[in-house]
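Chemist: Sharing a structure, written as structure tokens. Questions coming.
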Amino acid sequence: RYKIEVAGKSLPVLTNLDKGRYGVIVFENLDKYLNMDKWNRELLDKYCREYSVGIVGFVSPSEETLVGAQLRDFPLFVNTNLRLRDASLNPSSSVLRLTRAGETAWGALPGDDWAVFQHNHSTYEPVEWAQRNTQEYPADSVGQVQLPLTTVLQDRGQLDGIQRVLFGSSLRFWLHRLVFLDALSYLSHGQLSLNLERMILVDIDDIFVGEKGTRLRPDDVRALIATQKNIAAMVPGFRFNLGFSGKYYHHGTREENLGDDFLLQNVQEFNWFSHMWKHQQPHLYDNLTLLMAEMHLNYAFAVDHNIPTDSGYSISPHHSGVYPAHELLYLAWKKVWNVKVTSTEEYPHLRPARLRRGFIHRNIMVLPRQTCGLFTHTMYIDRYPGGRDKLDESIQGGELFQTIVYNPINIFMTHMSNYGSDRLALYTFQSVIKFLQCWTNLRLASAPPVQLAEMYFRLHPEEVDPVWGNPCDDVRHKKIWSKTKNCDSLPKFLVIGPQKTGTTALYTFLSMHGSVASNIASPETFEEVQFFNGNNYYRGLDWYMDFFPLETMPNTSSPMPTQLGSPRFMFEKSATYFDGEAVPKRTHALLPHAKIVTILISPAKRAYSWYQHQRSHGDVIANNYSFYQVITASDSAPRALKDLRNRCLNPGKYAQHLEHWLAYYPAQQLHIIDGEQLRLNPIDVMNELQRFLKIQPLLDYSNHLRYDVKKGFYCQAVSEKRNKCLGKSKGRQYPTMDERSAKLLQRYYLNHNTALVKLLKKLGSRPIPQWLKDDLSTGT
Ligand code: A3P
């Protein structure tokens, strides 16, 4: 979770060495450090000394084999391109913190390009040693006792005041990954440290679900209880967490049915949670009553068999319904089981596993789940994919081991079938825990899911808010997602505002086009959905998609957005999106390919129009204070007045907001409309917009828009004589802005307007609007 900055390829890039910016400097290739030009090297060394920043360096492989070669400027010598074996750690090294000097890691070390360090100065202290691989060099070993060779070395900085940790090989060797974490922690004086607590929860899903011949027999249950005891001795609080589907109780062989009974006789030995009654995907239930009825059946089964019902945890088969979130599942879970926690591997995506995150939706905490390499059909060690060695590799420093090292809270999913047959899961967890105890100082523990979830979101408060991704961008998500949903109905472009720039006019003009359609109107916010900015976002994607209904086209079974002929260009206009802090990130997660349309007018004029709008909507503050009083309200003014001032002035800081959008969307997806042109010359504006959006067929707006003298604006020409204009709330009559306010706002927006000119120039091929030139010329 640390932010890592990588210097450009053309190292050295040392222009950013400001105070406190870096905790540690890492050289993936030590040569780059040693061979730096003098000027940069001095700069870097000075920085390291002054701010007590250490250096990590890896000797990288090279064709040339060095024997006793001196490292430039250091009393240190290396031999390279060696094959080594049997690594062990120096128990008295002060670098080790998370890593524990355990047993020797016996056997050949990966790679044939190891470097070892020879040193003869008290500033150097070995961290790791290894031996020459004598099996491969038998001539070396005849009658000789091998001396350990230093493969990781600490430089205490006695010579030049800079502390370093040097690695003779890459992170390919599992132990180096641990030592590297410790090197970061040590050299950054604890700034880059992981804490040492690790929580482990092992779910056993599909209890009773397994096919005949794959289920637990009484002996397996005995082994489960015994191993649980052993693990609990190493991991305080550890209990297997059993997820049951009562429907399949007693569906095994005679012996397996006895196993079911034995499990229930020992019900109090374990933690329990509800899986589904039927092991099918809840997206098949698009009916809340049906979904709840199924859950009630499992509940009744639990009560009949003394299975506790208050764990607050549940799991959905195949992750379905959890993410992408199926609202009915969340609702039913709450109502029937009072579920507080669930877990999934799918948020935001299955891969890469290290980026899995959690979120909270409808008060249900969704925790990221990790993979342990055991799946429903992994039952026999000799049939483990890749063989026993593969499983052992994962346990002994490999993937499973590293997963626990990196994640403070680990939730693993296993299945009942992993505990029958060869009892692979028992072997796996017991072994990995022993290995962790041998090689790390991690403090392992376990707790029930609700406690883990609370702990998780205390550690990661930034994850509480979900970010809804596009289910169609991930094949797995698309498969999991409700079959009634279809990404074709999602908007292809967004009109983001800001408010009072002519967004309603644009919305109306667009809606006149037969190939363009907008969401159905929201009863709460009139036509606007306002999904991505406020609390509506927490209602979830299903809620949003209900604004874009699909209809079955005549003579075809394929659902298409409401339209005769080709699918319409769906769009959504919510004018508050423009300056919504979280909006670009959220829209980009769901609609990364959408085009973004914004309208700009003079920010001063916009602020004034907005103020008038608030007044006529009966806003008490706007009616009690003059425009000048609002825009000059100080920070000590009453809160409501300050809020009004901010909402009046902030959207007009155009450059700042546009930069925010451009951090997520490429410039080619952004279309900026000059709002004055939209008012005075909407026909050209609409033509240009159609071209930008690639809307087919092009509608000639000169046949559909007409200037209405009475309204003073362009309106829709509905017949030869009749125009349909926007309502009286658009194009209002109000006195012109007072001189004092106008002057003040010109000054206020001066820097923002200057930044806007710069931005428009940078974006290229976008004319500078006349109002912007005017605002700037009178503002100076
Ligand atoms: P005023 O009412 O202050 O004049 P929005 O729809 O984003 O709230 O913007 C309203 C503004 O759109 C109006 O502000 C008006 O100036 C402008 N506008 C642009 N073209 C228009 C049109 N054809 N009809 C009505 N208003 C239009």
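Here the Cβ of each residue, glycine as well, is placed from N, Cα and C on the backbone.
TrEMBL annotations: computationally assigned, not manually curated.
TrEMBL lists K500 with the feature active site, for sulfotransferase activity. The annotation 3'-phosphoadenylyl sulfate binding site is assigned in TrEMBL to S609, Y714, K730, G731, R732, Q733, Y734. What TrEMBL records for C715-C725 is disulfide bond. The domain 'Heparan sulfate-N-deacetylase N-terminal' annotation in TrEMBL covers 1-187. For 197-401, the entry in TrEMBL reads domain 'Heparan sulphate-N-deacetylase deacetylase'. Sequence annotations record features per position, and here TrEMBL assigns domain 'Sulfotransferase' to 491-750.
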Chemist: Looking at the binding-site residues S609, Q733, which sits with the largest number of other Cβ atoms within 10 Å of its Cβ?
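Modeler: Result of the Cβ crowding comparison: S609.
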Chemist: Return only the integer: C-alpha distance in Å from C725 (disulfide bond) to Y734 (3'-phosphoadenylyl sulfate binding site).
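Modeler: Counting only the Cα atoms, the answer is 18 Å.
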Chemist: If you draw a 10 Å sphere around the Cβ of Y734 (3'-phosphoadenylyl sulfate binding site), how many other Cβ atoms fall inside it, taking every protein chain shown into account?
Modeler: 13
Chemist: In the structure shown, which of the disulfide-bonded residues C715, C725 has the fewest other Cβ atoms within 10 Å?
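Modeler: Result for the disulfide-bonded residues C715, C725: minimum number of other Cβ atoms within 10 Å at C725.
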Chemist: Which has the fewest other CB atoms in a 10 Å radius around its CB: K500, K730, R732, the listed recorded positions?
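Modeler: Lowest Cβ count within 10 Å among the recorded positions (K500, K730, R732) is R732.
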Chemist: Rounded to a whole number, how many Å is the Cα of K730 (3'-phosphoadenylyl sulfate binding site) away from the Cα of C715 (disulfide bond)?
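Modeler: Counting only the Cα atoms, the answer is 11 Å.
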Chemist: Where's the emptiest Cβ shell within 10 Å among the binding-site residues Y714, G731?
Modeler: G731
Chemist: Per-residue pLDDT averaged over the domain 'Sulfotransferase' (491-750) comes to what?
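Modeler: A mean pLDDT of 92 is what the model gives the domain 'Sulfotransferase' (491-750).
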Chemist: Given Y734 (3'-phosphoadenylyl sulfate binding site) and C715 (disulfide bond), what distance in Å do their CA atoms have, once rounded to a whole number?
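Modeler: It is 20 Å, counting Cα to Cα.
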Chemist: What whole-number value in Å do you get for the largest C-alpha pair distance within S609, Y714, K730, G731, R732, Q733, Y734, the residues recorded as binding 3'-phosphoadenylyl sulfate?
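Modeler: If we measure all Cα pairs in S609, Y714, K730, G731, R732, Q733, Y734, the largest is 19 Å.
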Chemist: Whole-number Å distance between the CA of K500 (active site, for sulfotransferase activity) and the CA of Y714 (3'-phosphoadenylyl sulfate binding site)?
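Modeler: K500 (active site, for sulfotransferase activity) to Y714 (3'-phosphoadenylyl sulfate binding site), Cα-Cα distance: 16 Å.
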